[in-house]
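Q: The structure's right below; bear with me while I get my questions together.
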Amino acid sequence: MGKKKIDINTREDLFLSYYKEIEKNKFDLLKICSDKNFSKSNFLKAVHCLFSLSYFCKIKDENEEEEGKEEEINDYKVKKSTTGNYYRNSEGKLFKKSNEKDQIDDVSIFYKRLPTIQDFKDTYDKYENCLNSVYYIIRKIKLLHLEYFWEILASCYGTISFIKFFNIFSNEIFSPSENGDSVFIMVGKFFRRKVRAETHYDLIFLKIILANASIPMILKLGVKDIGRFTEKEDIIVSYYRNFSIIHSLRFDNVKEFALVYKTLKNNYPSKKKKKITLFEENGKINVKTSKKDLMLFEFVCKFDCVKIFKKYFLPKPQIINNNDNNEMLECISSGSYSGFDEKSKRKIRIFFSICCRQISPKILKCIVDYVKDDIGFLDLQNRQDIYIGDSAPEKVLFLNCFFGNHKEQRVIDFFNLLTSKSIIICNTIKEKPELYDYRYITLSTVDSTFYFSDSHKGADFGVYTDEINVIINNDDIDYDYIGDDDNDEEIEETKDYGSSSSDIDDFYNVFEPKASMIPNILDSCSLEILKAYIQNITGNGLFKISPSLFLAHDVTRLVRNPKPKTETVVKILEFINTISRLSELSTNGVPFTFLTNRFEIVTSIIMSLHDERSISNSVEPVQWLRALAPFVSNDEMKLIIYKVRTLYNYEPHSNGEIKYTELVRLFDVQYLLTKGKFSLSQFNGFETSIFLNPKLLDGTINSNILNSMIIKDKEKLDLKELFFKEKPLSEAELKEKFEIATKNEKELLDQLKKENDAEKLKKKNKLKKQKNQQQQQQAKQQAQQQKQQHQQNIQQNYENQHIEDQRKFNQQTKGRPISPSSIQNQNLNPTLLQNQNQTSNPTPNLESTKKATPTTTTTTTTNSNTSAIINEIKNQDLNQQQNITENINEIYDVSIGKFKFNKKESNILGRGSNGTLVFKGIWNNRIPVAIKQMQKMFNPLISKEIEILIGLTNKNLNLVGYIDQEEDENCVYLGLTLCDGSLQSLYDQSKLNEFINQNNNQNNNNNNNRVLDLIIGMINGVIFLHDQNIVHNDLNPRNILVKDNRLIISDLGLSKMNVSSTYNFSTNAIPTGQDGYHPVEVLLEKRKTKSVDVFSLGCLIYFIMTNGAHPFGDKFSRLRYITKSKYNLSQLSNLNLVATHLIELMISYDESKRPTLSSVLKHPLFWDSLKKIKFLESSLRLLGDHDFKKFNINKILISCNSNSSSSNSICNSSNSSSSSSSSISSSSCKISSSSCYCVPLPWNQSLDYQLVDSLSNQIEKKVASYKFDQLHDLIRFIRNTLQHYNQIYRDLKQILPNSDILESLKSQQSALNYFESKFPTLIIFLFNHFSAIPEIKNSIHFSNDTCSIF
């Protein structure tokens, strides 16, 4: 909007136009004010409307006052003259022309750096029209009282125009208006309502206010809509007249606070302070005091003004010897160092009082962080023997808290906050008096008082206990200047405004301590508050509680309080009795905390402490009643005894007897009510005598009463034993008992040593006897062998002699034949030779026949001798067998049925939970077995386990075998296959690598085949279990046993049946799930499926192939990394990427993504050479199939290449994260090189150039063309090489007879190994992508039997 020229010829038309313009401008102004999307441009329009309105009002008023001054009215009706630089007005007068700046817009004054009207006049004194506009605005400034206009100004106060407006018209704005208020009072309402953040213009505005306005005006600023106060706070605020500072406190504006506080401080100088007194009159709270100083500290805490508090209230530490570090360290170690002086320490304690009174967690946290190294911090490491209650520890904050209408959780969180920051509250007695001299006890000086009230809904302390997220910026605030005014003065900062000791001390003196801490905590009847307080003063259990902490009269207030429930009081008293061991301060174990006339509490305590479960460890009822007798009336005692009788007669025991019935009968009502029959010391009254001295209760019973009761009691109970315990021993008696105990201990040690020596000697003799028996047995065997050899020699000689005799006989008989029967009937024994030696030249006549009779007798005698020798040998065998049996009985001294074993520690193979043990033993006196002993009581599913073992035995060679079972009264004994050890034992003995590589030469292929055979056997065993619907659920190196160079699975399906026993060959049984071989669903106790075993097998495969490593790190961090799916396969990925790929699938976090075991066996890791070749051929056919042209393998590789960290390789980034680190770090989620399978490009650079040239230029006299940047051509190159390796070998040998490539072309297997070494990730890359696409996986190219890989 620019200036409008009005062409009016008559006076009447002129005035009519004036009024129309005025109304039009008013309408525009109202329209702009109602616009919600108010902007800077709208603000300028509004100001222009105002100036136009003022201008027309000026014209209107002047014409009404002086009708004859038309020359002033007709300034806008100028007709320019054509002559030179002059023009004539309507009356013909000649005026000099103004230049271009003379026509300046009224609003332009707000764009220039002209802070005052005088500056403006000095700049534009040559331009009459512009100056007149400004003067008319000043004269008509009363229009600024329009509220809707100031709503606009307050909304956009941060623009430079608004600040300039105040600078120019400040005098008129702050001058009183017709109603007595200045325009500023009206503006302040909107200003304080809109302003929140502390900006440069906000501070300039305050400077204008503080420089021009009077204090009464300031006090009326920003009263409404700032904050709600309680009735008491309203009175204090009103009295001290500090409305003006509430805004900066409300929004924690530091510099704004400094400006306002300095002005108010200067206007209200400090005077001597007096105590504030609040009294109630006619239902209203009033204040009576003569103090006039400001009290800001409560409101600093009320609004959590952390930045203001830290900058202006916290004292500055005074460091001693800041330049000499060594001397300062000596001061610290000697305890003489102090970061604060005594005045500062007291001030800090007072700040504790301020912030806790208003429940200000942020301010409290600020103080705690600021002073924790200098005050209130206890060195817990060096003071572990401190008793809170003895001499006060160093650097402990002495506090007394008063809880009014407490909010339980806030009080608890307050104590927890101090505890988390190592601030120990000490509410102790400075000088420890005697216990019974309670009247002279003086408590420590109260340094702070805490008051918690529900009336103020401040922030909770709980959010600041563990992690305090309060940002305190103590630096000077750097605000960017929006405008271009370089002449603004810097705001003067005033520091340490609130550090005046008089102000703070006066606030502290306002409220006197109401009570000590323990009574008020007990009055709250909150067990949680009490626990939080005890946790604080004990430093989380590092300190012991002094018995003097809980005074008897404080506890008496608790049990006398009629408000809390009986159950609550009972729980609190039990807690006190537990932590402070109050029984040490009483006689015969009777805690004095229960001396009360509230018998319903007494009986409740007795019921809770003397139930059937703890009756044997509790104080006997007689002691409770005896302690209560002096302090209760007769009627109360009758009721107590009645309730005690009811308690112990309520439920009979299983055998029909009632425990303590006869004991309670002793306490007849008349007997207990006769107090004079007890020789107890006299007390001075209930209040002073409640602090009992243990010696005061030592008394005797009248002998007549005792005799009469013994006669009356038929069972003749020994009352002395019931009423009295053994008195404390004297020092001499204690010393004597100690010497006797030492002597007995020495004798016992000597006896144990003798027994050990005797055991060693017995064992030595036994070994010596066994050695002698072995030597004797060897001698007998040698003698028997010699005898057998001798018999054979004799037999041979006899046969030779018999043939010679027969030949001679035939010669004598002239060739007559000899019948075979005659030869068969002859006795072939050694004695015949002797007889024939005695008879020379035998003849077949009668005489010789007669001499044959004695020969037969000799033969019979010889047969008898041979039988005797045989019997002797049999007897020796029997004796030897008997000796072996005796030796077995000596070695295995425990016999259960057919099992024999020894329970010595050296004979234990393993331990399990619930008392399960595995022993080495024998079955049927000859077969070595592993004997598993299981407790019947703790293993209810033993029969189920045996049933499964029997059903699975001999059906799979990779499962542990069942042999037999026996049982006795308590245990069941299973005979299982005895193995050589477990994978874990091999690893512990550093023999795992030796076991895997045994029976192999240096060929890596043989070693790999050995490893794969072991893994396949283990997987087949688990597959067999799954086929039987059994989930093992506990596969780990301790349950994988070694037998005959095979891996055998033990603990078959016990976790599936919830049997907690284990079969481990380890001396340390680890609970299920704690060794890191269980997936996350087992750790979270979710449903268990077969995928649990897949996860465990993946970890075991990694264990075997890396010589004992684990995918999830060491045993201390495995569980945490399993739940976060953080694994590290780097130890294997450098050796075998194919195995890494398989393991990564098997240990997937999501159980649905883990492969089945049948799919695991189809993984390329277990492929032979034929299957790999078939796979490459099928892949080549697939990539050339027209139906799968849309599957561009090279496009996939290029996409992977863009995600790879290297620009010269193509990667399969199935998982985006990869790392070469060998350890699992918190920053990396998954570490595995298998997450990126790379094929170098161009691929011909990875091969020997002789091979590439040979295959490219001459294959069966045909030239083959290959694209070295295409993976399809690489597969074709490999296929052609494998098919024509013989021809390529012959061609290269003729050209390069000494080339190294010839070794790789001797066979198809060697050629395949060559390509696998050059491209180790090729097959797994193709397998991974093909298996993810159903159309390819189910295509005809992979459906035949030779290549059914998916």
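Quick reminder: no glycine exception, Cβ is built from N, Cα and C everywhere.
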Q: Where Swiss-Prot marks N-linked glycosylation site, which residue is it, choosing among ASN37, ASN865, ASN883, ASN1344?
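A: Going through ASN37, ASN865, ASN883, ASN1344 one by one, Swiss-Prot annotates ASN37 as N-linked glycosylation site.
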Q: For the ATP site that Swiss-Prot assigns to LEU909, GLY910, ARG911, GLY912, SER913, ASN914, GLY915, THR916, LEU917, which of LYS898, LYS900, LYS932 is also named?
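A: That ATP site, as Swiss-Prot gives it, pairs LEU909, GLY910, ARG911, GLY912, SER913, ASN914, GLY915, THR916, LEU917 with LYS932.
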Q: Would you mind giving the whole-number mean pLDDT across the domain 'KEN' (1169-1346)?
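A: Mean pLDDT across the domain 'KEN' (1169-1346) comes out at 71.
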Q: So for ASP1034 (active site, proton acceptor), how many other CB atoms are inside 10 Å of its CB?
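A: For ASP1034 (active site, proton acceptor), the count of other Cβ atoms within 10 Å is 26.
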Q: Tally of helix, strand and coil residues over the compositional bias 'Low complexity' (772-795) according to DSSP?
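A: Per-class counts: 24 helix, 0 strand, 0 coil.
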